[in-house]
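Feature annotations, courtesy of TrEMBL:
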- 822-831: compositional bias 'Polar residues' (COMPBIAS)
- 834-851: compositional bias 'Basic and acidic residues' (COMPBIAS)
- 852-861: compositional bias 'Low complexity' (COMPBIAS)
- 7-114: domain 'Cadherin' (DOMAIN)
- 198-274: domain 'Cadherin' (DOMAIN)
- 275-383: domain 'Cadherin' (DOMAIN)
- 384-511: domain 'Cadherin' (DOMAIN)
- 512-620: domain 'Cadherin' (DOMAIN)
- 617-757: domain 'Cadherin' (DOMAIN)
- 822-893: region 'Disordered' (REGION)
Amino acid sequence: RRPQLLKGLPATSTVEENSAAGVAVYNFSVTASPSEGVAIHPIIVKSNPLTKAFDIEPKGGLEFRVITTGNPVLDYETMPKSFDLQIFVEDTTGRTDLNILTIQVTDKNEHPVFQGKMAIQNNTESYIHAAVTIYVMERKPPERIYQVDAADPENAKLKIRVTKDLLSGFCRLFAWCMTLCNFPCSTRQGMNGGMFKDKKTNFSFSSFQYSLLPATAPFSIRESGAIFSMKEFDYEKDPHCYFLDVTVTDPDGLNSTRTLKINIININDESPYFTTKQRIYRIPEEQSPGTIVANITAKDPDDEDSPSRLFYSIQSSNRHFSINPATGVLQVTGRIDRDALPLRLHPNISLTVRVEDGPSSGRASEMEITIVIDDVNDNPPQCHPSAFRKEVNENTAPGTVLVELRNYCKDIDADPSNNQFIFTGLSGFGSNNFALKSTVSGRLVMAGTIDLENPPNPGVEVYTLTVRVQDIAHPNYSSKYPFYFSFHSFLCYIIYIYIRIKPVNEFFPVFHNLSYVFSVSEITKVGSSIGRVHAIDKDWPPNVITYSIVAGAGTRDYTNIFWISPTKGVVKILARLDYETTQKHIFTVQASDQEKSTTASVTVNVLEVNDEEPVCSPNFFSLQIPVNLAVGTNINGFRIECQDRDSDPRSFRYFIKEGNENNHFIFSPSAGSNTSHLILASRFDYESGLDTNWIYSLRVHITDDNLVSARDKTTRFIKTGTVTLNIRVIPNPTTATTTTPGIAVVTRRENRYSPRAWINAPEKKKPKKEVVVTMTKLNTVFDGEARDPVTGRMYEFNTRSGARRWKKSNEPPQPMLAMQVMSSATESSGQGVDRAEAPSKKEHPEKRKELTAATKPATKPSAGQSETPGQVGLRLQKKKEESEDGGISSPAP
């Protein structure tokens, strides 16, 4: 058994349909001891049927009540008639209680309800905002125009009553103004002398009610709700708008009212008519576009008192006029020229104007108007051509007729009174030399003699004259002639006359000088200008002078080495000048004006210039030197010899431009001589790392400016020759010798000279001592090759030890015999001088036989033994070969 905590439940209660939210339906309380409390307030845990239309709220303490929520609103006709609500509560001790409250919905008599579009309007809305607007066209016969539909929630029988209000007079005008000015809608307070009031603007006005009697009422409504029109409406006579209040009432007297608005639609049933009575208009020609000719007006009866909306047009095609389709203003759109066909013959223009009350397929009326075009003096005289060009020889006699202008001018105005003109106002620089003989004919003649060469003459070749052609009648100035001007209110045409005074060729051209002398450097580029000749012609204007070379200007190798500009007289060279070949050129130039000519002599002196560079031999050379070569040594006896075609040998200066690292090499002498030797200036130092390069590529420059001062070097031409030297530094031999010593071969040679051996040998040659050559055979690998600068032969060398040997093209490389050259003879009196000789030439093949393992003494005649002629010849041949070979079989270092 549960404890009973809900006091007053279960129970049954009622509530009226359509109750608003918050309406109390039933009150109850919760029983609990003072020490106890309510843990869970009473709540509706379930309803049958389900609904959210009810809720529980506390009244204070343990008192509660059931209220309506308004969502949804209870409706007796459409919703259940009874609801069972299960209410649950729990106290703080955990006791619970659950009971049922039955709520029965009771019926209430409600207002009838309009259906369809009429259900939208609220009862507070005004006439202007009716629920339904109905449109009825004028001229329509009586018919049903609308069907009203209403129902009663209690399904009671309804009665429909119509209050017919005719909104006309002030009310109709006010309604139209309200709509036009967008005034807010007013709320109808009543029909019997009530007030329409705007809630926002607080603007109010009195309304008038017109009750329609059944005899004159234009509308009727039947019991079925059908509304009928009772007459055929005429928009131009009847009111344009009606308002009807439709009221529906149930048996208990409750009713609802809606407003119907009936608009009468105007139809186009009347034709417009013209109100303008004038039919003929007159305007002058050449009116500017936009000029108003007439204002055509019309009226449409359909528009009653409001402005008519009509459309105007010109039926016949016309390019001169147009009409504003909205206003009927007729205006000029194109140029109207009375002087051109067809207006020149028929100056009247007829137009058919049409007015319609619709842009298409409306009712229309037509009217014909005539526009007469009057001629004005708007055309000045015109001349073709407008500019005349005449030629006349100088010294032409006065009175000579140049042109008669009347033959070229006319005035095209249609009225004869407007096309008469005269010639006046001859002007322009030098116009005093000319005259107009007649203002009517416009005959222009010479008034004086013009001599172009005469000093007082202004020197004008072409005279520009102007003559004014002027209307006799007063003109009507128009902007269509922008190149005309108004002279004393007359529109004038200007004729331009260009008279060229043709000169006569009376004088020969004259050179400024009888002869010209030009000095030209021999290094001047081909095509350069070397001078200019100039001639003048005393004729005015000066004739065009043409220059040409008529004689000379050639050499044995070139037909023409000079060229002259035909128009400017500038002389140019066509070939290179050479002072060493020709120092002077003379030729003849001619100046011609196509009819007369004259000549002058031109001399061209060729100036010597330092244009040759030093040429040295040899210009490329390869050398090899030992690393321990003494400082100051002339390297391999090398020297260069230079020559220059246009410079003194003392002008040469030698310096190494590139490749001389650490400045080991210099040339001596460095200037003032045509020969110079290559000298080692400083020792090589590879051990400390100062030197790392074993091959030097020297670029030697030889200039010819030694005799030129420092100030003149900036302006003088300086030429430079170039020599390239490749120097290879040979290190000390580092290859170890073999364990078995080689064989040292010592060869001794003596040259003896006998008087008997020479015919006509007056003196005795001193004997020469030969050098001792020690040969050591080394196991050497030859990994380089070079060309001997003396003999030109190729030799092989070891890059580490410096050992060398001649290269044989048909034999494989063999170990080289390194040669040590030592001086073994001393100088003694009467015996000649012994000297150490450096190997310089290739050893003859026969001489190699002397380098054998044994020493073979040279065969020589004994003392006092005479030589046979054959022996003498053999000895001479050997001496010759020894002299050619130098006596040593080793390549030059």
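The first residue you see is number 1, and the count goes up from there.
Using the three backbone atoms N, Cα and C, a Cβ is placed for every residue, glycine included.
Secondary structure by DSSP for the domain 'Cadherin' (617-757): 12 helix, 57 strand, 72 coil.
Across the range of the domain 'Cadherin' (275-383), the DSSP-based residue counts are 3 helix, 44 strand, 62 coil. The domain 'Cadherin' (384-511): residue composition by secondary structure is 10 helix, 55 strand, 63 coil, according to DSSP. Helix, strand and coil counts from DSSP across the domain 'Cadherin' (7-114) read 0 helix, 61 strand, 47 coil.
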